[in-house]
Amino acid sequence: MKYLVDTHTHTIASTHAYSTLQEYIAMAKHKGIKLFATTDHGPDMADAPHFWHFVNLRVLPRIVDGVGILRGIEANIKNVVGEIDFFGDYLQELDIVLAGFHEPVFAPSNKETHTAALINCIMSGHVDIITHPGNPAYPIDIAAVAKAAAENNVALEINNSSFLTSRKGSEHNCLAIAKAVKEAGGLLVMGSDSHVAYSLGDFTQAEQIIEQADFPIERLLNRSPEALLAFLSARGHGSLDEYSALLEN
């Protein structure tokens, strides 16, 4: 199956990434990607863009050259309370909010602490997708996190980059997560976690996890732009009607 949606990308606004937004748009057009989210790292990361970068995402057109662009962030989970580094009314101006553990912000601790932080973040209502929860540096109670995510309509990510250049050893955890989310009745999403435009929409390894878990396609948010937009609308994000022209094509 060809997946037309990517929820996790980084531009040169995060200085360890290497492509501009315009290069992503061109690559999306080339690959047939209909909708992607620009989700640079939250401001607590050392090389992340300033807080105002995310506030000013409102200047971005919703659709450029037939490609839909979601205004987003990959926020950092800061502590066991589940707080993230983007807050207040500004969250409501974003189309999509991702959050995950990153070592410069939240040092690896223990299974109980990681699990509590993720569940508290999920229950906060501020985050739509938890990124790379299969990271072996942050062991979690997978069943408990999957249950909390399902109960709060939050998706867990199968991160394709985890199998390539980072977070080595994630395969076992990601398969367990896919199976647990399936059992809990929750949602999954595949994210490229692209740091260069060439990787946009590359879910090669993540797809293998989805297939091995026999995960139901109707609960995979990448299955269509309509599916992702319906999820985000249900999560309370407004202004998504501006993508109607995209859905008509």
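Every residue, even glycine, has its Cβ placed from backbone N, Cα and C.
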Figure out which of Glu74, Glu83, Glu171 sits with His102, His132 in the Zn(2+) 3 site per Swiss-Prot. Glu74
Which candidate from Asp128, Asp141, Asp193, Asp202 does Swiss-Prot annotate alongside His8, His10, Glu74 at the Zn(2+) 1 binding site? Asp193
Which candidate from His195, His237 does Swiss-Prot annotate alongside His16, His41 at the Zn(2+) 2 binding site? His195
Out of His8, His10, His41, His195, which of these binding-site residues shows the lowest number of other CB atoms within 10 Å of its CB? His195
Smallest number of other CB atoms within 10 Å: among the binding-site residues Glu74, Asp193, that is Asp193
Could you work out which of the binding-site residues (His16, His102, His132) has its C-beta surrounded by the smallest number of other C-beta atoms within 10 A? His16
Running the binding-site residues His16, His41, His102, His132 through a 10 angstrom C-alpha radius around Asp193 (Zn(2+) 1 binding site) leaves His132
Nearest by Cα to His195 (Zn(2+) 2 binding site), of the binding-site residues His8, His10, Glu74, His102, His132, is His10
Here's one to test understanding: among the binding-site residues His10, Glu74, His102, whose C-alpha is closest in space to the C-alpha of His41 (Zn(2+) 2 binding site)? Glu74
